[in-house]
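What TrEMBL annotates here:
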type: ACT_SITE; residues: 273; note: active site, proton acceptor
type: BINDING; residues: 154, 217, 218, 242, 243, 244, 245; note: ATP binding site
type: BINDING; residues: 243; note: Mg(2+) binding site
type: BINDING; residues: 271, 272, 273, 316, 317, 318, 372, 429, 430, 431, 432; note: substrate binding site
type: DOMAIN; residues: 147-453; note: domain 'Phosphofructokinase'
type: SITE; residues: 244; note: site 'Important for substrate specificity'
């Protein structure tokens, strides 16, 4: 039996190297062991598209597509895809004292990580990604590497740890000494603001919040950035940032490929909101949840100490309510959690005002946690605000915390004629500005080292992150095509509702069906890239 390769989204072009390079991938029938795979002879090999690298096996023994195992590998680009004659070298880790006792120093090119770990009998194997880690061969000589690191977008705990560990990983593991820090975000590439980075320079930056390299929003000019990369002789670029930053990183890679430059572009996804798709969790999230507890605890102390105390804590979450949800579940003193994914209303049966009055009668106090993006349409209608955006293209949010505080105060003072004590806490910038905790420090170290291993191995145009607790190399387009959001029909949100005993604010079958329909459409959109 022979296995032929079916490519999705590829551009026909004879290129034998695309199938024999480290970036090449094949997909196996379940009865065909990996070492025994044979390629079907064809006259011309199609080039694998780096924008949509989906590969699936179709066996020549008469099996229909629906009878195969449905294995899909979403591969990442490799420099040999467009530089087929690029030489490789033994990985310096072979001589590393640190790795001398490791049983298996190098990750096999056959190792992959499954996106979905829970399957049913007879179901297809689904989407997989290349496992991150050091390879036996590298495509850069250590003394020829000139790397740079840039941070873009908003602040997040752990950025400095990622910077430190990229520098230390390049230097300590691969002997790279020529590393530049690009200051001030993407604009720093063509404003010539740089700093030389060494292990000594970055030694203790992980103990500080913010970013050692400074940051900015917007300012991305692909041609100017790649011109600067080329002029400086940079051949490894490490880009730390969120959705917009990663989209910029993909454009940089595409321009690098178009020019035929030996430059590895590696993205490290950053968002405190945990709204990046595919990966298990974004760095800084654990720290943000932990720090949010201090604000919630303070609100609880305040409202317990007065009659009819109502405390409101506004947490981060422009489009996704993960911080608010997990902080609520962790704290147990929260009576109600409001997030962008779940619409709420104030007046009438089952509304927030009714619930507040009920809790005040029961406990004489309550705490509400609200994500910054919750109820924005409601607030905009009330305040008749115009829609404006920041330099990154994000909609500028209205202060839903202040608005809700005033709405509650007006209702109970003027309508219900009740004495009420409002306490409002907004710890947003305090949470963003703190250094990462122990858990995030370890996580940032793994992210940074995985990015370094990938770039040295010749991969490019990729981002890195844990998928089912195993770090993997992921095409940048996969983490930027959709926003990860809280699913109201999943068990985690049900656990929160059970914990707080708050109303779901979904009245009638129509409202619930609308939520289900929206989430179904999201799943369909996410599956399109995996469909054959």
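Glycine residues also receive a Cβ, built from the backbone N, Cα and C atoms like all the rest.
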Candidates 273, 317, 372, 430, 432 (recorded positions) with Cα within 10 Å of residue 243 (ATP binding site): none
Pairwise Cα distance for residue 242 (ATP binding site)/residue 430 (substrate binding site) [Å, integer]: 19
Site extent for ATP (largest Cα pair distance over 154, 217, 218, 242, 243, 244, 245, Å): 12
Recorded positions clustered about residue 317 (substrate binding site) [Cα within 10 Å; pool: 154, 217, 218, 244, 245, 273]: 273
Fewest other C-beta atoms within 10 angstroms, as judged across 154, 317, which are the binding-site residues: 154
Stretch-averaged pLDDT - the domain 'Phosphofructokinase' (147-453): 93
Top Cα neighbour of residue 244 (ATP binding site) in the set of recorded positions 271, 273, 430, 432: 271
Cα proximity to residue 154 (ATP binding site), best match among recorded positions 273, 372, 430, 432: 432
Residue among the binding-site residues 218, 242, 244 whose Cβ has the most other Cβ atoms within 10 Å: 242
Most crowded position, judged by CB atoms within 10 A, among 217, 245, 273, 372, 432 as recorded positions: 273
Other C-beta atoms that fall within 10 angstroms of the C-beta of residue 243 (ATP binding site): 24
Neighbouring C-beta atoms (10 Å sphere around the C-beta of residue 430 (substrate binding site)): 14
Among the substrate-binding set 271, 272, 273, 316, 317, 318, 372, 429, 430, 431, 432, as the record gives it, the longest Cα-Cα distance in Å: 17
Those residues of the chain, 6+ apart, with a Cβ under 8 Å from that of residue 271 (substrate binding site): 156, 242, 243, 282, 284
